[in-house]
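Q: Have a look at the structure that comes next, please.
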Amino acid sequence: MANYFNTLNLRQQLAQLGKCRFMGRDEFADGASYLQGKKVVIVGCGAQGLNQGLNMRDSGLDISYALRKEAIAEKRASWRKATENGFKVGTYEELIPQADLVVNLTPDKQHSDVVRTVQPLMKDGAALGYSHGFNIVEVGEQIRKDITVVMVAPKCPGTEVREEYKRGFGVPTLIAVHPENDPKGEGMAIAKAWAAATGGHRAGVLESSFVAEVKSDLMGEQTILCGMLQAGSLLCFDKLVEEGTDPAYAEKLIQFGWETITEALKQGGITLMMDRLSNPAKLRAYALSEQLKEIMAPLFQKHMDDIISGEFSSGMMADWANDDKKLLTWREETGKTAFETAPQYEGKIGEQEYFDKGVLMIAMVKAGVELAFETMVDSGIIEESAYYESLHELPLIANTIVRKRLYEMNVVISDTAEYGNYLFSYACVPLLKPFMAELQPGDLGKAIPEGAVDNAQLRDVNEAIRSHAIEQVGKKLRGYMTDMKRIAVAG
């Protein structure tokens, strides 16, 4: 099979990369009614599979789970989760032939096997759903022409999808119809009903394309969302310890610092995050972020280029075929780093202390968010898509580090995201070591003293922060998310 994106001509590639429309709430007036009375069969009962299924059932849809015979016979975790929540569970052969919509929510590396197994069982005119388009775009999976192929991609982990639904809200969502598979012209109606059933329409829905979702998703998770957090954690911890900071304190400052800092980002963008600093610290964080952007821009561009060309995907799929040798080696090496093995700090760090002593971390967040956004937009991805795949998801990923450091982040994210994270962080850490060696007192681990600042310089920096395109689009999109619960700030 050929990478689907690479079979398109340039005009088609640009059209699909640039497909992005914020949908009005009136477009979801019918809710999930298009799928009511139809049979929806979910394949896979992980975080997205279970939580989307719970939401869809609560929205009045007929939901069941198709699992492999071995998973049922051995009563594996997927079987237990589905049955304990009262869902009907059966084998592919038992459930797929009756399904009007088959939703594939298995891990990326399983998609080809799953799709090749279920396709012959699907009835004529049924629909196949994804929450990530890697199998269609990067693998180039060929789907029977009578089958409608749609995507509903919540921009949050599965647990968040469920929690926001229970509060009567939802999470921002991308929806798409594969242009090669919409034989009856009903793809958008199916996708809208599915998105409404998960609650996504209450937080904002972008009509996108499989191509735009995949390319922007890969870029975000490899760079700012995971790779930058991992590289930043390792670099900052080593720098603090090198300068005499207690390893336990250094570990907590970083582990909980990302979440505390990005909570401000979630509530008010880069502007609010920077406003949490004193004026001298803000000027220093801005200067550091500009240096970081200059150093890291070629690395961000290389990742985007490799994603667009398919180089990244072909390399990762080769590792799949080699039993994940690279992935597992990188995972093991990460687990042995000084940051991951440092002792726990039992004392309390106040909220403002994370900002005052984390100026470099704030600069890293600002630089990474802006670079990821700018690089995606320069590649033809629309600003709204770039925002969701950079700034919006960052607090959610930072929240995973609080639980069990980088180990937890890499467990929660997909194997695809984890592989890309390691590619980025393994390149970024050595790239930034000369920069780290030139840091000044107060950049990390110590607060910058209060002092006089130049009014004109402060005015210009504030204007530069607030006028960045990601701040403009972010203000609009956050207006749809004002009801989202506040992620608990670390204590």
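FYI, residue positions are counted from 1 along the chain as it appears here.
From the backbone N, Cα and C atoms, a Cβ is placed for every residue, glycine too.
From Swiss-Prot, for reference:
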ACT_SITE  His132  active site
BINDING   Cys45, Gly46, Ala47, Gln48, Arg68, Arg76, Ser78, Asp108, Lys109, Gln110, Gly158  NADP(+) binding site
BINDING   Asp217, Glu389, Glu393  Mg(2+) 2 binding site
BINDING   Asp217, Glu221  Mg(2+) 1 binding site
BINDING   Ser414  substrate binding site
DOMAIN    15-208  domain 'KARI N-terminal Rossmann'
DOMAIN    209-344  domain 'KARI C-terminal knotted 1'
DOMAIN    345-484  domain 'KARI C-terminal knotted 2'
Q: Can you tell me the three-state DSSP label for Asp217 (Mg(2+) 2 binding site)?
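A: Reduced to three states, the DSSP call for Asp217 (Mg(2+) 2 binding site) is helix.
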Q: Give the three-state DSSP assignment (helix, strand or coil) for the residue listed as 'substrate binding site'.
A: coil
Q: Tell me, what is the mean pLDDT of the domain 'KARI C-terminal knotted 1' (209-344)?
A: 97
Q: I'd like to know which of the recorded positions Cys45, Ala47, His132, Glu221 sit within 10 A of Glu393 (Mg(2+) 2 binding site) at the Cα level.
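A: So the list reads Glu221.
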Q: By DSSP, what is the split of the domain 'KARI C-terminal knotted 1' (209-344) into helix, strand and coil residues?
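A: When I sort the residues of the domain 'KARI C-terminal knotted 1' (209-344) into the three classes, I find 117 helix, 0 strand, 19 coil.
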Q: Residues near the Mg(2+) 2 site, Asp217, Glu389, Glu393 excluded, by Cβ within 8 Å of the Cβ center?
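A: For the Mg(2+) 2 site, the extra neighbours are Lys155, Ser216, Met219, Gly220, Glu221, Leu225, Tyr388, Ser390, His392.
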Q: Of the recorded positions Ala47, His132, Ser414, which one has its Cα closest to the Cα of Asp217 (Mg(2+) 2 binding site)?
A: His132
Q: Taking Cys45, Gly46, Ala47, Gln48, Arg68, Arg76, Ser78, Asp108, Lys109, Gln110, Gly158 as the record's NADP(+)-binding set, what's the max Cα pairwise distance in Å, rounded to a whole number?
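A: About 22 Å separates the two most distant Cα atoms.
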